[in-house]
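K.L.:
Okay, these came from Swiss-Prot:
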DISULFID  Cys48-Cys91  disulfide bond
DISULFID  Cys52-Cys95  disulfide bond
DISULFID  Cys134-Cys186  disulfide bond
DISULFID  Cys237-Cys288  disulfide bond
DISULFID  Cys330-Cys369  disulfide bond
DISULFID  Cys401-Cys417  disulfide bond
DISULFID  Cys417-Cys456  disulfide bond
DISULFID  Cys429-Cys456  disulfide bond
DOMAIN    41-102  domain 'Ig-like C2-type 1'
DOMAIN    410-463  domain 'Ig-like C2-type 5'
CARBOHYD  Asn47  N-linked glycosylation site
CARBOHYD  Asn105  N-linked glycosylation site
CARBOHYD  Asn131  N-linked glycosylation site
CARBOHYD  Asn183  N-linked glycosylation site
CARBOHYD  Asn202  N-linked glycosylation site
CARBOHYD  Asn236  N-linked glycosylation site
CARBOHYD  Asn262  N-linked glycosylation site
CARBOHYD  Asn302  N-linked glycosylation site
CARBOHYD  Asn341  N-linked glycosylation site
CARBOHYD  Asn366  N-linked glycosylation site
CARBOHYD  Asn404  N-linked glycosylation site
CARBOHYD  Asn428  N-linked glycosylation site
Amino acid sequence: MALGAAPAAQLALLALLGTLLPGPGGAGISIHPSKAIIPRGDSLTVNCSNSCDQKSTFGLETVLIKEEVGRGDNWKVFQLRDVQEDIELFCYSNCHKEQTIASMNLTVYWFPEHVELAPLPLWQPVGEELNLSCLVSGGAPRAHLSVVLLRGEEELGRQPVGKGEPAKVMFTVQSRREDHGTNFSCRWELDLRSQGLELFQNTSAPRKLQTYVLPSIDPHLEVPPIVEVGSRWPVNCTLDGLFPASDAKVYLVLGDQKLESNITYDGDSVLAKAWMEENEEGTHSLKCSVTLGEVSRRTQENVTVYSFPLPTLTLSPPEVSEWTTVTVECVTRDGAVVKLNGTSAVPPGPRAQLKLNASASDHRSNFSCSAALEIAGQVVHKHQTLELHVLYGPRLDQRDCPGNWTWQEGSEQTLKCEAQGNPIPKLNCSRKGDGASLPIGDLRPVRREVAGTYLCRATSARGRVTREVVLNVLHGQNILDIVIPVVAVTLILGALGTAGYVYNYQRKIQKYELQKARKAQEEAALKLNAQSTPP
């Protein structure tokens, strides 16, 4: 790695290298580093170490600007500044009237100042060879400098950069159709990885290559094979590979009628867009013609125009009371078949029917009918959907209006109570006793004043239902009412436990003392009997 301006740590390292060289008895000079590569204009620190066993003169010999930045008895450190070109450096020593030298090669690298791809021909025939020139000005060392020819991001070739200013590097490629509009460029690469550095590179401004081709294929016509009477359908006609595409003329004709087209150009492609509308059933011919110069390419497609109205879907009646029989029927044109959701497998035909006993769960249910007609080998589908409305009375259940709420005072809560029914019932919840309203639907802090039992009434034209809702609010006082008895019971149980423990302990002590006294009496009696027995 190239050495720059020497910091204190680097100077210390160079000084250490000097102390490690052979001591008295030998004569010689060494240089460190033994080789280096640095950017042009950069600085380098060099150490000259002398192993002479007597006082001698030594130093660094160079034409470069140098500055001594450190020294010892047998070493000196020099700083070279503003190095512009490759050079060989010498450390010398005059010892015992003999001069010894040590040398190193200092390599300077710098980037090319300019790289350019020479101008391309205005038009390039497809299939012919194309000569491209990359011009490189400056850059060193040339032994590590090369040029790469790029097609977009693809690498086509690589060659070393020779001498000369600017250096000219030639490449030959065969132009292709897909090269039209492609950017070509030159990239120089200065590869100093073998020197402990990295790969440096830069790319020239791209030049776009224009290739000339007249295709022998017919235009591509995009049109639906079947269209409905009275509808408007997009038609696209494209042809790739034209140049210059802007000179191409495109015509779209339906039967004998020329369609108004919107023509756009993109590179070597031309695209014509038009809207097709036909009110007469039958098979019609659509033609696309692309003309460039005196040569034309034509294509033709047949379009079948059909009539297929939506199926007729009826609910009889569309709005019913709960538990009323509803008839669902779907009808389409002859030749088509219908499918009504909810019906079991029935023979396909133009008519389908379903009967059901409507319940509240059927309210707002969708009934769908699908009709299918085969036209020119393709199946066309039409769909119709209706919604059933079921009238039923108010309902208040646990899911939509829970009967019991217990919340902590001050917490943010939303009380939900919703009545079901069609028509939508009017809901009123008032507290027993004072008639206060239940705060439904809003997120708000819970206050103890809202606690109580509420009676919720849902009313509509189809009846009325009621439901009782209890709202409990936990607050400081009722928590104490719970905690104090619990603590009291705990203390009483603790006292009883302690008393029982003391009582049992005292009983065990008394029993132990009694057993001890009894044993002493028995031992005394045995001793007395032994003394009274004659020998």
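Just so it is clear, glycine is given a Cβ too, placed from its N, Cα and C backbone atoms.
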K.L.:
Which one is it: of the disulfide-bonded residues Cys52, Cys134, Cys186, which Cβ has the fewest other Cβ atoms within 10 Å in this structure?
P.N.:
Cys52
K.L.:
Which one is closest to Asn404 (N-linked glycosylation site) in space, judged by CA to CA distance, out of the recorded positions Asn105, Cys288, Asn341, Cys369, Cys417?
P.N.:
Cys417
K.L.:
I'm trying to understand the geometry here, so how far is the Cα atom of Cys134 (disulfide bond) from the Cα atom of Asn236 (N-linked glycosylation site), in Å to the nearest whole number?
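P.N.:
Distance (Cα to Cα, whole Å): 43 Å.
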K.L.:
Over all shown protein chains, what is the count of other CB atoms within 10 A of the CB belonging to Cys417 (disulfide bond)?
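P.N.:
By my count, 20.
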K.L.:
Take every residue in the domain 'Ig-like C2-type 1' (41-102), average their pLDDT values, and give the whole-number result.
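P.N.:
Per the prediction, mean pLDDT sits at 92 for the domain 'Ig-like C2-type 1' (41-102).
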K.L.:
What is the nearest of the recorded positions Cys186, Asn262, Cys330, Asn341, Cys369 to Asn47 (N-linked glycosylation site), using the Cα of each?
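P.N.:
Out of the listed candidates, the nearest Cα belongs to Cys186.
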K.L.:
So, in DSSP terms, is Asn202 (N-linked glycosylation site) helix, strand, or coil?
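P.N.:
Strand, per DSSP.
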K.L.:
Cα of Cys237 (disulfide bond) to Cα of Cys429 (disulfide bond): how many Å, rounded?
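P.N.:
Here the two Cα atoms are 69 Å apart.
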